[in-house]
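Quick look at what Swiss-Prot lists:
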type	residues	note
BINDING	CYS48, HIS74, CYS163	Zn(2+) 1 binding site
BINDING	CYS107, CYS110, CYS113, CYS121	Zn(2+) 2 binding site
BINDING	GLY187, ALA188, GLY189, GLY190, GLY191, LEU192, GLY193, ASP212, LYS216, VAL286, GLY287, ILE288, ARG361	NAD(+) binding site
Amino acid sequence: MAAPEIPKKQKAVIYDNPGTVSTKVVELDVPEPGDNEVLINLTHSGVCHSDFGIMTNTWKILPFPTQPGQVGGHEGVGKVVKLGAGAEASGLKIGDRVGVKWISSACGQCPPCQDGADGLCFNQKVSGYYTPGTFQQYVLGPAQYVTPIPDGLPSAEAAPLLCAGVTVYASLKRSKAQPGQWIVISGAGGGLGHLAVQIAAKGMGLRVIGVDHGSKEELVKASGAEHFVDITKFPTGDKFEAISSHVKSLTTKGLGAHAVIVCTASNIAYAQSLLFLRYNGTMVCVGIPENEPQAIASAYPGLFIQKHVHVTGSAVGNRNEAIETMEFAARGVIKAHFREEKMEALTEIFKEMEEGKLQGRVVLDLS
């Protein structure tokens, strides 16, 4: 394919006042690919709750505050329009569709990378955090690390899967839940949660209980959950006895779930979720609560000793899990629930997130 014409300037959305939800559309230079890099003309980018945490500086786990002028975003899909020196060795060609993930670059050499945990790379670069993100029309990516997008999978559908889809798929694998076993998805109607429900129920043969606000019930059940639990119907001052008893009653012999995936960023959800487990159960922590860190309120030593429960974390998937997630979508096993918006709408989207009103995902049309 002949090389397309590449402009000198591009549109991008920056965080103009980190600590708030304010964004601004600006004009930036189109970058030149370096050695082993490709230039990607992005057409779509998902908007993730992680972007919200980064732009508002409410993720206290991050080492540095976000700086004004940061281009956010880490769920970008587009076409390769230029190859840097050496990039052809990757097999990529002009016109290939690829995706840019949360971890935009991993070294491939450190101990985590060598163990297949490139999401924990010691030398990682995070798209949209001290690295230019995907809320722009052109971005650079390492030729060996961008994710191929399968033919037949629309770019807008692929975008949310590059973070949300990959993240929950990896967390489901870490839960070690087996086909036919019960799994609870906390935050089941959110951007991550509704994808976790689909992958669990339709891709892995798990029996799913979705937990979320009542307004999310239709989406959660449509995604494949057998049961839905409305958290607003239960008290919080009873040490979560009522809701945990109810969730357990939905499982085989009332023993509880084999696993829980906490997709929401709620400290209360973490305290509840640990109590949903049966003996030898596993809770996987995915959602990152904002502001000052808090311990899980129900994490008493006696609980771990008496029930042999396990708690683990899951950040993002590796490059192979990203490819596997795309294959799920290409086969129609999963489909993100999303709406499309223009770049100029990003501030309003973040306001929806701030108010807890957002269902599913939002994908930016970057044209």
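Here the Cβ of each residue, glycine as well, is placed from N, Cα and C on the backbone.
Calculated from their C-alpha atoms, the gap between GLY187 (NAD(+) binding site) and CYS121 (Zn(2+) 2 binding site) amounts to 28 Å. Using Cα positions, the member of the binding-site residues CYS48, HIS74, GLY191, GLY287, ARG361 nearest to CYS113 (Zn(2+) 2 binding site) is identified as HIS74. Checked against GLY287 (NAD(+) binding site) by C-alpha proximity, the binding-site residues CYS48, HIS74, CYS107, CYS110 yield CYS48 as the nearest.
Closest in space to CYS110 (Zn(2+) 2 binding site), of the binding-site residues given as CYS48, GLY191, GLY193, LYS216, ARG361, is CYS48, taking the CA atom of each residue. Checking each of the binding-site residues CYS48, CYS107, CYS163 against LYS216 (NAD(+) binding site) by C-alpha distance, the shortest gap belongs to CYS48.
Cα of CYS121 (Zn(2+) 2 binding site) to Cα of GLY189 (NAD(+) binding site): a span of 30 Å. The residues near the Zn(2+) 1 site, meaning same-chain residues not in CYS48, HIS74, CYS163 whose C-beta sits within 8 angstroms of the mean position of the site's C-beta atoms, are GLY46, SER50, ASP51, GLY73, GLU75, LYS101, TRP102, SER127, GLY128, LEU162, ALA164, in sequence order. Long-range Cβ contacts of GLY191 (NAD(+) binding site) within its own chain (separation 6+, distance under 8 Å): CYS48, HIS49, PRO160, ALA164, LEU358, GLY360, ARG361. The CA atom of GLY193 (NAD(+) binding site) is located 30 Å away from the CA atom of CYS107 (Zn(2+) 2 binding site).
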